[in-house]
């Protein structure tokens with residue numbers, strides 16, 4: 001990225017929760033990728049007026065403004081699909097926090113729309129930019145997996161806003177697919193105690209070489225945000241990830257990737273591989289949801 005960009009893309013941030021606030025901070029700070037972007041305002045359902053000197057603007061103004069060329073969608077997952085469609089139809093590039101949609105068909109349709117409009121549609125995956133993932137990637141390369149498991153625990157999450165657990169937890173599924181290739185669903189169960197705000201989803205997957213992988217999402221009051229993993233290879237085992245350092249500026253690293261796409265610096269092959277992985281994960285998440293719901 002050149003230090004002095006020839007032009008800046010006008011950006012609006014939709015949703016100013018945790019992710020949206022980090023995005024606004026990165027856009028305002030002097031980073032190489034931020035030099036290509038100009039934060040014009042933010043959209044929120046709440047009446048906030050301004051945040052740190054950045055003005056709130058209406059959704060209608062964001063869609064119709066010639067100044068706005070890019071939308072960062074940082075709202076709850078249930079609203080992503082509608083926002084993406086509106087901004088693509090208005091001729092804007094879109095960066096969206098994962099999951100981009102809560103169904104495979106919607107994601108495919110939106111990707112087709114982005115291609116028709118000649119716009120970038122980028123789904124954030126900061127989990128692939130974490131130090132832990134870089135460590136795992138090095139550890140598993142060239143090894144034959146015998147079996148593996150990944151358990152994620154956290155506090156409760158509202159399904160109405162963030163989607164079925166296979167969608168809200170899609171970053172864990174993305175880790176497994178990125179490490180071991182495309183996966184197929186063997187079975188899935190969902191245990192829920194709504195009165196206790198507790199849920200546990202257990203998914204049995206297998207690799208193309210038929211090695212079993214289990215993925216568990218467990219959420220409830222008092223559960224700390226944690227990841228436990230165990231991978232057994234022909235050449236040894238990996239039990240959990242050592243402390244590999246702090247994840248610095250992962251949203252900024254994701255923004256760098258997005259700007260490279262805006263500038264046409266990604267090859268068609270790289271873009272196609274990323275799209276294939278994202279759609280594979282969304283398709284698996286949908287399959288898991290259908291499997292669990294059919295057994296209720």
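Placement of Cβ uses the backbone N, Cα and C atoms for every residue, glycine included.
For the residues 8, 147, 253, 275, Swiss-Prot attaches the annotation N6-acetyllysine to 253, which does not rule out the feature elsewhere. Residue annotated by Swiss-Prot as phosphoserine (from the set 103, 178): 178.
Swiss-Prot marks one residue of 92, 248, 261, 290 with the annotation N6-acetyllysine, and that residue is 248.
230 is the residue among 21, 65, 230 that Swiss-Prot labels phosphoserine.
When the residues 101, 174, 202 are compared with Swiss-Prot, the one annotated as phosphothreonine is 174. Counting every protein chain shown, the Cβ of residue 230 (phosphoserine) has 14 other Cβ atoms within 10 Å.
Each of the binding-site residues 16, 281, 293 was ranked by the number of other C-beta atoms within 10 Å, and first place falls to 281. In this structure, residue 230 (phosphoserine) is part of a beta strand by DSSP. Nearest by CA distance to residue 46 (NADP(+) binding site), out of the recorded positions 174, 248, 292, is 248.
Counting other C-beta atoms within 10 Å of each candidate's C-beta, the recorded positions 44, 78, 174, 178 are led by 174.
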